[in-house]
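The block underneath contains the structure these notes are about, expressed in structure tokens.
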Amino acid sequence: MINGSIVALITPMNSDGSVDFASLERLVEFHIDQGTDAIVAVGTTGESATLPMSEHVTVVSQTVKFAAGRVPVIGGNGANATSEAVELTKSLSKVGVAAMLGVTPYYNKPTPKGLIAHYKAVAASTDIPQILYNVPGRTAVDMLPETVAELVSVSNIIGVKEATGDLSRVKRLRELCGDDFLLYSGDDATAREFLLLGGNGVISVANNIVPQAFKAMCDAALAGNAELALSIDTPLRGLYSTLFCEANPIPVKWAAHRMGLIECGHIRLPLTELSEQCHGLLIEAMTRAQIEVK
């Protein structure tokens, strides 16, 4: 079972836009050293939308290589064309990922029937465990708990990342999907409550820059220690909101660069680097979270 503190890893890039694999290796080592429980490679935070498929597979493959079995790597396999998602899934099945994370098809707004057919087709193309991913704020489609429940019977669909921030869904998903179905928060601001309500883990943006504290918060919440989880979480709360002052992963990449975790904060168009008016806000939030800014 993959649970606990899972980082939605950024994809570091050089100033010319190419992937910076040296920085990627350092990031993987950093997270292993800090106790991160698993790594998601090339999800939303990893700029999946602007990496061509061949490059996408290479980044996931290299992440697996750098992790060297010390921490599970989950590969992003979402696409808005089912045929493309199937092709990507088949390629990722060959590189050693522990699981895959598939966002709902975006822009074309499938019905529940379409979502079910999409995920069944993707799951049928591999034996690797599949995690569904619902983030309607980015995809324009909301996969309701009732739709998720229709997919529980697919043997290699093992869980869902729920990123709406609607905590009522934790109880509803658990009721409909059973105790063995894995529930992951995709919203840092409500992650602590999500875990205390019975979630299994958090796939986090903030974890990129505060992995040790975030891991401690997750461990406390999973152990049912609400008071300790709150005390760890409180200094991080400003960070959770400020990391979304512009579209993810713009702020977190800038922050990682300021910390010296990556050599360059470059991000691919149509996203651009963090606006100057956000710099002070993010530095203030990082300082409150006891992050050293270089």
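Every residue, even glycine, has its Cβ placed from backbone N, Cα and C.
Positions annotated as site 'Part of a proton relay during catalysis' by Swiss-Prot, on the basis of sequence analysis: Thr44 (among others). Close to Thr44 (site 'Part of a proton relay during catalysis') in the fold, though at least 6 residues off in sequence, lie Ala8, Gly76, Val103, Val135, Arg138, Asn248, Pro249, each with a CB less than 8 Å from its CB.
According to DSSP, Ile203 (pyruvate binding site) is assigned to a strand segment. The Cβ of Ile203 (pyruvate binding site) has 29 neighbouring Cβ atoms from other residues within 10 Å, across all protein chains displayed. The pyruvate binding site feature in Swiss-Prot is assigned to Thr45, Ile203.
Sequence annotations record features per position, and here Swiss-Prot assigns site 'Part of a proton relay during catalysis' to Tyr107 (among others) based on sequence analysis. DSSP assigns Tyr107 (site 'Part of a proton relay during catalysis') to coil, not to a helix or a strand. The number of other CB atoms found within 10 A of the CB of Tyr107 (site 'Part of a proton relay during catalysis'), across every protein chain shown, is 8.
Tyr133 (active site, proton donor/acceptor) falls within a strand when secondary structure is assigned with DSSP. Remark: Tyr133 (active site, proton donor/acceptor) has Gly43, Gly78, Leu101, Gly102, Val103, Thr104, Val160, Lys161, Ala163, Gly186 as non-local neighbours, by Cβ distance under 8 Å and separation of at least 6 in sequence. As annotated by Swiss-Prot, active site, proton donor/acceptor applies to Tyr133.
Positions annotated as active site, schiff-base intermediate with substrate by Swiss-Prot: Lys161. For the recorded site, Lys161 (active site, schiff-base intermediate with substrate), the DSSP three-state label reads strand. For Lys161 (active site, schiff-base intermediate with substrate), the Cβ neighbour count at a 10 Å cut-off comes to 27, with all displayed protein chains included.
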Neighbouring C-beta atoms (10 Å sphere around the C-beta of Thr45 (pyruvate binding site)): 24
